[in-house]
Ligand SMILES: NC(=O)C1=CN([C@@H]2O[C@H](COP(=O)(O)OP(=O)(O)OC[C@H]3O[C@@H](n4cnc5c(N)ncnc54)[C@H](O)[C@@H]3O)[C@@H](O)[C@H]2O)C=CC1
Ligand SMILES: O=C([O-])CC(=O)C(=O)O
């Protein structure tokens with residue numbers, strides 16, 4: 001008899017998708033289906049088989065299947081969408097909007113057919129707008145359509161704070177609100193190290209540098225890689241979200257959620273702190289913001305609205 005495990009499909013077997021598939025299996029979060037286009041079926045099968053053959057060495061029990069058929073994704077508990085093109089140096093994430101909207105829409109039509117009860121996590125960029133596209137194409141309730149940006153942006157922010165102070169990343173807390181673009185809003189007032197507010201540990205001008213480096217963190221890696229974008233930290237972020245849902249951990253982490261009045265925004269997907277558990281987004285938290293923080297969030301929301309309008313919200 002087959003062993004009963006969660007089923008997680010990762011659509012897009014490129015850099016982020018393949019890395020995510022391996023990390024999910026290594027954490028034994030479920031059986032993983034890695035899916036890409038028919039023209040890449042053999043390389044996708046090859047990547048999955050190669051990962052599977054790491055399992056006796058690393059001692060993880062999970063099946064990993066490469067495919068181009070949505071039948072293999074049937075009844076997935078979670079579907080992670082990484083399908084689409086990545087930006088190159090000199091491009092913004094928004095330059096990908098038209099190409100990736102078509103890809104995300106077609107992927108979601110298949111997901112809706114084979115995995116109608118799944119929770120869907122979107123990575124493809126520009127991710128706030130792509131999460132909107134997915135929501136429209138899937139027709140799922142809003143708690144089951146979630147975009148990834150805040151875990152990654154917060155991870156970058158916390159990395160830079162830990163480096164600045166030469167302390168363990170484990171003790172750094174903080175989060176980033178807003179759209180996944182260069183005007184995202186790292187919330188300094190809610191950031192601490194070992195419980196100590198960062199503004200009593202780091203001079204204001206260095207904090208400003210950290211905030212700015214966080215905002216352009218994706219672009220920094222695009223420039224260094226030369227031909228693609230980040231994938232290790234994005235994959236780790238997707239895995240953290242998947243784990244929170246599958247283990248019903250009730251974690252409070254920033255994710256892209258559908259806003260219907262929260263923070264004064266309506267009919268918009270954007271990054272906010274949320275409770276993640278077995279039902280997906282179980283609650284969105286609305287924080288008190290200062291006038292300055294709200295103005296920064298409004299600016300970020302305006303950018304998200306502009307790119308979302310291109311694909312017709
Ligand atoms: N939201 C975030 O924080 C992040 C978003 N991204 C975005 O994730 C996306 C993927 O990035 P990478 O994996 O580095 O790109 P990649 O080019 O390495 O992989 C993308 C894969 O999607 C596949 N694909 C294209 N159309 C498809 C379709 N219709 N069905 C199934 N698969 C399809 C391609 O064949 C390719 O294998 C990009 O849009 C990138 O900008 C990347 C990192 C972080
Ligand atoms: O920068 C990009 O294009 C990929 C991405 O979203 C990130 O790494 O934050």
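Backbone N, Cα and C define each Cβ position, glycine as well.
NAD(+) binding, as stated in TrEMBL, involves 12, 13, 14, 15, 16, 17, 100, 123, 124, 125; the candidate among 36, 94 given for that site is 36. According to DSSP, the domain 'Lactate/malate dehydrogenase N-terminal' (7-147) comprises 72 helix, 25 strand, 44 coil. Look at the Cβ of each of the binding-site residues 12, 14 and count the other Cβ atoms within 10 Å; the largest number goes with 12. The Cβ of residue 16 (NAD(+) binding site) has 28 other Cβ atoms within 10 Å, all protein chains considered.
When the CA atoms are compared, the binding-site residues lying within 10 A of residue 87 (substrate binding site) are 125, out of the candidates 16, 123, 125. Calculated from their C-alpha atoms, the gap between residue 180 (active site, proton acceptor) and residue 123 (NAD(+) binding site) amounts to 11 Å. A helical conformation is recorded for residue 156 (substrate binding site) in the three-state DSSP classification.
Among the binding-site residues 14, 87, 125, 156, the ones whose Cβ sits under 6 Å from an atom of ligand 2 are, in sequence order, 87, 125.
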